[in-house]
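*Asks:* Per Swiss-Prot, the feature active site maps to 11, 136; the stated evidence is sequence analysis. What Swiss-Prot records for 96, 97, 98, 99, 100, 101, 102, 103, 104, 105, 106 is ATP binding site.
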């Protein structure tokens, strides 16, 4: 039996524009995904007597029907009978469930990355499996800052050294179903495409500050506390911009310097003890390259 430990990072949507609807009914997006230092931790026992998923904290997640289980099922079906080992996964969930931070997608991507290597599944099939499991899973395979378009199947990695590092994640302690948000989303008109991506740091920062999350108003209608959180975040000293992530209910504020983020975190924890509040940092591509060099 072999053991593997993998950390799966949360994502935030620096913006999320809904630009249309595909014939199949899925919405078409344009978004920039960034990943932050908030992780689920997964322990994989390969070749165990047992198989299945165990969540180490109390959770509403179905042990028999979840993104990890679906990912494993799709991968097994792409292998010859008898060539795969039992897989038993223990999951320490730190990313809030149904929060707009793609915890389930990150966990599935961790399983896909590991098992596709162990079982010799090629890159093209790996990407197909990721998309079958969920629209956020393809970008989570790399867990690097990326422009994401279409139904989540178009992923373009971005140079991200210009991004401010410091982030505060804030949300009400409630779950908000992505499906319920999209079921209510019925705009008079979709957002226009941003067209050509910015070519320099200043233009990127300008776009990020002026952009939005098109799902915000629907999510606020379902969870009004999101509006209060966004108003509070936008008023914090040193905040570059704040926004809801994904379909909510988690929001974030971006700061240029750590001191401003620390002072804001203390203020929030003192005045809003009932909110989920987590100070973290954006993971830049250079961080991952440095880590990879350290593992050689």
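All positions are counted from 1 along the displayed chain.
Here the Cβ of each residue, glycine as well, is placed from N, Cα and C on the backbone.
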*Asks:* From the Cα of residue 11 (active site) across to the Cα of residue 100 (ATP binding site), what is the distance in angstrom?
*Replies:* 8
*Asks:* In the structure shown, which of the binding-site residues 100, 104 has the fewest Cβ neighbours within 10 Å?
*Replies:* 104
*Asks:* Take the mean position of the Cβ atoms of 96, 97, 98, 99, 100, 101, 102, 103, 104, 105, 106, the recorded ATP site. Which other residues of that chain put their Cβ within 8 Å of it?
*Replies:* 10, 95, 246
*Asks:* Using C-alpha atoms only, work out the spacing between residue 104 (ATP binding site) and residue 11 (active site) and round it to an integer in Å.
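*Replies:* Here the two Cα atoms lie 11 Å apart.
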*Asks:* Rounded to an integer, what is the Cα-Cα distance in Å between residue 96 (ATP binding site) and residue 11 (active site)?
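*Replies:* Spelling it out, the Cα of residue 96 (ATP binding site) and the Cα of residue 11 (active site) are 12 Å apart.
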*Asks:* I want to check the contact list for residue 11 (active site): same chain, sequence separation of six or more, C-beta distance under 8 angstroms. What comes out?
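*Replies:* Counting only residues 6 or more apart in sequence, the Cβ neighbours of residue 11 (active site) under 8 Å are 33, 34, 35, 36, 101, 102, 105, 106, 136, 139, 140, 143, 245, 246.
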*Asks:* Around residue 102 (ATP binding site), how many other C-beta atoms are within 10 angstroms of its C-beta?
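*Replies:* Around residue 102 (ATP binding site), other Cβ atoms within 10 Å: 30.
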